[in-house]
Every structure is written in C-alpha cells, then in structure tokens.
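First up is the structure itself, then whatever we jot down about it.
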Amino acid sequence: MASMGEQNGVVSTRPVMADNKSFADFEPAVKKPKRNKFAFACAILASLTSILLGYDIGVMSGAIIYIKEDLKINDVQKEILMGILNVYSLVGSCAAGRTSDWVGRRYTIVLAGAIFFLGALLMGFATSYAFLMVGRFVAGIGVGYALMIAPVYTAEVSPASSRGFLTSFPEVFINGGILLGYVSNYAFSKLPTDLGWRFMLGVGAIPSVFLAVGVLAMPESPRWLVMQGRLGEAKKVLDKTSDSIEEAQLRLSEIKEAAGIPQECTDDVVKVQKRSHGEGVWKELLLYPTPAVRHVLICGIGIHFFQQASGIDAVVLYSPTIFEKAGITSSDGKLLTTVAVGFVKTITILIATFLLDRIGRRRLLLSSIIGMVASLTTLGFSLTIIDHSHEKIPWAVGLCITMVLAYVALFSIGMGPITWVYSSEIFPLRLRAQGASMGVAVNRVTSGVISMTFISLYEAISIGGAFFLFAGIAMVATLFFYMFYPETQGKTLEEMEGLFGKFIGWREEAKKLKMKKTMEVNGDGTGNGQIQLGNSTTK
C-alpha cells in the first residue's frame with residue numbers, strides 16, 4: 001500500500017522534502033491557486049471520450065422507435081439491442097487496463113475513438129438486425145476503452161487543488177453526449193423511417209474523429225511515464241499540470257516512491273522493473289489483498305454497481321416509453337420531453353463539478369442517493385396511479401414528468417460524477433488501471449442487465465413496481481455508502497492508509513487524524529505551526 005492515495009496529488013510522509021513542506025501546503029483549504037489551464041485542457045480532451053457512450057445511450061432511446069418499425073423486431077430483440085452495448089463494452093474495459101499500461105494512456109484514448117468510429121459507421125449502414133448487432137459489438141468495445149481510460153488519465157494529470165473538479169469531467173461529457181443524442185433523435189425524426197435512425201446512429205462517428213485528432217496534442221500521463229522510467233518527460237508534464245514548481249516536485253517524489261525508483265535518481269531516463277503490465281496485480285487485488293486493498297476494492301466496485309442498479313439507464317434509455325406510459329402519446333411530445341431530461345442532466349452535472357472540491361464526496365453522495373430514493377418512490381407511485389386509471393389524470397402525469405426530471409437531476413448532482421471521481425482516487429498507482437477496469441466492468445454488466453430486462457421487468461411487476469424496486473436498491477445503497485465510505489477529499493497518503501482497511505472503525509480513525517492535523521496546524525511547540533507529517537527516516 002505504499003502508493004495508496006497517490007492520485008490525490010499528495011506526497012507520502014516518506015521522504016519529506018528538505019524545506020519540510022507537504023501537500024497540505026497546497027490543499028484548497030490552505031491555499032487556493034488559480035485553475036491550472038493546461039491540466040484543465042488535458043482533462044477536457046481526455047473526458048471527451050465519454051461523450052461516445054452518452055451519445056449512444058441518448059440516440060438509441062429515440063432511434064429504437066424507428067428501428068422497431070423498419071426492421072420489424074419484437075420486444076425481446078428491442079431489449080437486447082438497447083442494452084447489449086453495455087455487455088459488449090466489457091471487452092473494451094477489460095482490455096483497456098493492460099493496453100493503457102502497454103502503450104500509454106494517451107494512445108489508448110486514440111484507440112477508443114478509432115474503434116467507436118468504425119462501430120458507428122457499421123450501425124449507420126446496417127441493413128438487418130444481425131448487421132446492426134455487429135456494429136453494436138464494435139462500438140461497445142470502443143465505449144469500454146473510453147469509460148476506463150478517461151477518469152484514469154484525468155486523475156493522473158490533475159493537480160491536488162482541482163482533482164475532484166477535473167475528474168468529474170467524464171460524467172459531464174456522458175451527460176453532454178446523452179443530450180446530443182436526444183437532439184439528434186428530434187433533428188432526424190422527420191426523415192423517412194429507413195433513413196432517420198441510420199443518420200441518428202451514423203453521425204456518432206463524427207465526434208470520434210475530432211477526439212482522436214485532439215488527443216494527439218495532449219501529453220502522456222506523468223504517472224505512466226515514471227512507470228516506464230522516463231523521468232525527464234514526466235517532470236516536464238508535472239511542471240505544466242501542477243499549481244507550482246514545489247507541488248510538481250512533491251508529486252514526482254510520490255510517484256517515484258510508488259514506482260520503486262530511488263529518490264536520488266534524477267536522470268531523464270532510468271531503468272525500472274517492468275511490472276506495470278499486470279504481473280502480480282490480479283493476485284494483489286483478488287487473491288492476497290491487504291485489508292486496505294480489500295476495502296478499496298469493495299468500495300470501488302460497490303459504487304459502480306449501485307450507480308447502475310438504481311435504474312439510471314432504464315430511465316435514460318426508456319424515457320420515451322416511460323412518458324408514453326404516463327400518457328404522452330405523440331412522437332414529438334415524447335422526444336421533446338426526453339430532450340428536457342437530457343438538458344436537466346447536463347445542467348446539474350455542471351453544477352456538481354463545482355461542488356465536489358467544496359462540499360466533499362461523501363456528503364454529496366449521501367444527499368444524492370437519499371433524494372433518488374424519494375424521487376423513485378414518488379415516480380413509482382404516480383405511474384401506478386396512471387396504470388390503474390381508465391382516464392387521464394393530469395396531476396399524476398405532471399408528477400411523473402417532474403419525478404423523472406428530479407431523479408436525473410439528483411443522480412447527476414452526486415451519484416453520477418462521484419462514482420468516477422471516487423473510484424479513480426482510491427486505487428493505488430500500481431493497481432489503478434486494473435482496479436478501474438474492474439469497476440467499469442461491473443458498471444457495464446449491471447447496466448446491461450438493467451437495460452436488457454427493463455421491458456420484461458415492468459411487464460412482470462408493472463411499470464410502477466419496477467421503480468419501487470429501483471427505490472429499494474437505492475435504499476440499500478444509502479446504508480452501504482453511509483457505513484463503509486470514508487471522505488477522500490484532500491486526504492494524504494498516510495490518511496488514506498488509515499481510513500481504508502477499517503470497514504466499521506474508519507470514523508474513529510478519521511476523528512483521530514482530524515485532531516492530529518489540527519494540533520499540527522496550530523503548532524505544538526516543536527513544529528513552529530507547520531504541518532509536518534514525517535521525517536526523512538520514516539519508513
């Protein structure tokens with residue numbers, strides 16, 4: 001666990017720099033530097049990969065109306081077509097960890113864009129259901145690559161002062177992609193049926209072209225460069241992406257320690273043990289984890305599972321169906337109301353990015369999931385009333401639409417972005433790529449199951465019953481998060497090691513760390529009021 005918390009952009013207590021500074025000197029609570037524009041630009045470009053998934057989710061929700069009519073598919077085929085991309089993306093997400101350790105984070109992003117480009121073209125030119133499924137398979141691989149690599153790269157390039165802000169960008173662009181997909185549905189809905197859905201799916205290739213070109217202007221991740229022994233290049237990237245030269249030095253020191261490179265090594269290129277391609281990582285993650293790694297793994301996988309199991313993809317993918325059940329029957333009405341869903345999701349995720357580094361992860365997450373429970377329960381109630389009524393009930397229809405919008409807003413303000421921020425923060429450097437890929441795999445499997453069974457689910461237990469079920473899952477998630485998830489905002493390596501590994505007792509440890517930090521900040525007569533977390537002999 002020598003590297004735990006490294007992605008927080010903070011240096012370990014071993015070794016301490018000669019000037020006795022630590023990352024506490026650069027935390028937002030102590031000093032609020034201006035946003036690093038270069039890191040901001042890198043995070044934007046990397047996170048653009050997430051727009052591919054968002055666009056596919058959004059556009060398929062409307063395109064399926066016309067696909068069903070043109071290709072004459074049944075409800076089971078419709079379910080499979082809607083959700084299978086999430087299962088196919090497993091291939092990409094599982095391969096992305098090893099690929100990103102092999103060729104680097106940057107070229108993995110380029111590869112994600114290229115694969116999705118091919119998949120979008122195949123879907124656009126599909127002449128049959130089987131042909132369309134091939135296109136979904138190829139696009140799914142690209143989505144899997146994009147989902148795994150975007151938060152990893154962004155976390156590794158972000159300075160400590162804006163880590164939460166920047167690592168929430170992938171979720172921002174997922175929501176932006178969903179909105180673009182909804183708008184595309186409405187824009188092409190006036191075309192002939194056999195052309196409209198093909199244009200909706202095919203134009204998804206355009207963003208991937210700009211993505212692949214733009215990413216070539218990005219630097220490689222400094223963490224990956226150090227793991228390859230390319231210290232000179234890593235130092236240049238850190239100088240550009242840190243808020244100060246001192247912080248860049250501290251970040252480099254931390255990454256060198258995590259990579260097993262002696263601190264006295266200052267050559268531009270050094271030899272390192274080639275262990276960054278997955279050797280021993282799976283054993284450390286799954287077979288012989290330390291208590292801290294086990295806690296991190298459960299938290300990382302758990303948050304991805306509950307993000308999808310609480311029903312977000314069912315709402316987004318099947319929003320036209322939900323609004324139809326609520327009493328909106330015209331195609332234009334369903335598509336326009338769906339655009340409103342995308343607009344609300346995009347606005348609220350933008351608000352969330354500015355709250356992550358101010359309010360903290362845990363508080364936002366719990367507030368979000370509690371609100372989701374309330375909105376899902378109310379949505380289930382309103383749909384049940386409508387389902388059992390023989391005439392249109394305006395107040396129930398209005399309540400249903402309001403609760404859908406409230407649910408997606410509450411999801412996007414907390415649960416949506418925090419899933420990616422939290423899971424990209426807590427894994428140590430050596431385990432990060434594989435740990436992140438496991439989280440994405442669970443995310444996609446859960447999403448695929450929900451997406452491919454939603455129609456069968458609501459036919460079996462009613463549309464209202466389906467949302468009562470999602471509300472119950474969200475209640476379980478609330479208890480899970482409250483019990484096991486410590487706050488990670490601004491935590492140093494030492495604090496991370498103390499918090500993770502104690503499933504129940506982490507609160508007491510957090511209180512002790514807070515008291516210790518307060519004493520160190522105030523000064524105890526020996527530290528002159530400076531934050532001193534260790535000394536050069538600490539091991």
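Note: Cβ is positioned from N, Cα and C throughout, glycine not excepted.
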Taking 165-183, 298-316 as the choices, which stretch does TrEMBL tie to transmembrane segment?
165-183
Candidate ranges 38-67, 109-131, 335-356 - greatest C-beta contact count to the transmembrane segment (165-183) (under 8 angstroms):
38-67
Using a threshold of three or more Cβ pairs below 8 Å, and leaving out pairs closer than 6 in sequence, do the transmembrane segment (137-153) and the transmembrane segment (435-455) count as in contact?
yes
Candidates 109-131, 137-153, 195-218, 335-356, 461-485; stretch with most C-beta pairs under 8 Å toward the transmembrane segment (363-383):
461-485
Within-chain partners of the transmembrane segment (461-485) [C-beta distance under 8 Å, separation at least 6 from its ends]:
295, 298-299, 302-303, 306, 309-311, 314, 322, 325, 361-362, 365-366, 369-370, 372-373, 376-377, 379-385, 387, 422, 454, 503-504, 506
Does the transmembrane segment (137-153) make contact with the transmembrane segment (38-67) through 3 or more Cβ pairs under 8 Å, each pair 6 or more apart in sequence?
yes
